[in-house]
């Protein structure tokens with residue numbers, strides 16, 4: 001997610017005739033709040049207002065299923081031949097009849113693990129591809145990612161239901177088309193991407209889960225004083241994470257200005273399979289990966305916790 005929190009208190013000052021309606025924190029009017037709470041469907045309203053910010057597409061897909069970056073919208077600082085030889089593009093169909101763009105970045109020919117990466121809310125695959133290559137190279141993993149419905153070259157519109165259908169289609173494609181077994185798939189969600197990642201991990205067996213700046217639920221981000229999960233809440237990851245069984249690493253910046261640090265702490269505490277978390281002192285929402293501890297902790301997580309689980313799974317089937 002991006003954008004500041006709504007305020008925790010409301011300004012109840014009223015003006016004279018012709019004055020604009022009184023507003024809550026973060027410039028949300030009482031009329032807006034009434035629309036959010038009283039006009040169904042509330043989850044769709046909060047999602048559209050706070051969660052999804054698809055950028056203008058930064059790429060296209062060539063006839064031979066390669067990524068074509070659009071100048072000025074995305075950068076590729078690596079060797080140009082890597083973009084041709086190590087990055088494959090294709091389209092997968094979801095159960096909600098959308099077509100989602102997918103990318104398979106393979107910097108390591110013999111990688112044991114593949115990260116199924118669900119990105120943040122204001123980027124697309126073209127903007128993330130360079131990061132995927134660098135991350136995969138440094139961690140010794142391949143990276144499989146996808147654009148949410150309505151992002152990049154994906155069809156449809158962004159919605160909570162589409163988020164869950166999109167990651168399911170990506171997961172099934174990775175297993176069935178590329179023959180990567182679940183015990184070699186690590187789910188990685190960043191910001192809004194933690195929502196589909198938690199959902200999938202709560203109902204599928206995978207090697208491990210990484211939650212980078214996770215949120216408890218949509219209501220708790222929009223209204224920080226919210227203490228419970230309401231029936232109209234969106235993105236209720238806090239209710240799903242107790243069902244996650246695989247090793248789970250939670251990463252969060254202590255000075256996150258978009259999704260408060262308390263969200264990461266609560267997710268960590270509610271997940272029964274969580275491992276030692278990474279709390280990055282002084283980091284905000286968009287700079288956690290710039291700290292050295294980020295790569296160090298990911299490496300140890302993959303080499304120790306995730307690999308141990310994989311070995312146990314192989315032993316149990318032998």
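Cβ coordinates come from backbone N, Cα and C, glycine included.
Please treat TrEMBL annotations as automatic predictions, because they have not gone through curation.
Per TrEMBL, the feature compositional bias 'Low complexity' maps to 1-14.
The feature domain 'Serine aminopeptidase S33' is assigned by TrEMBL to 114-218.
The region 'Disordered' annotation in TrEMBL covers 1-23.
When averaged over the domain 'Serine aminopeptidase S33' (114-218), pLDDT in the model lands at 98. Taken residue by residue, the domain 'Serine aminopeptidase S33' (114-218) breaks down under DSSP into 47 helix, 21 strand, 37 coil.
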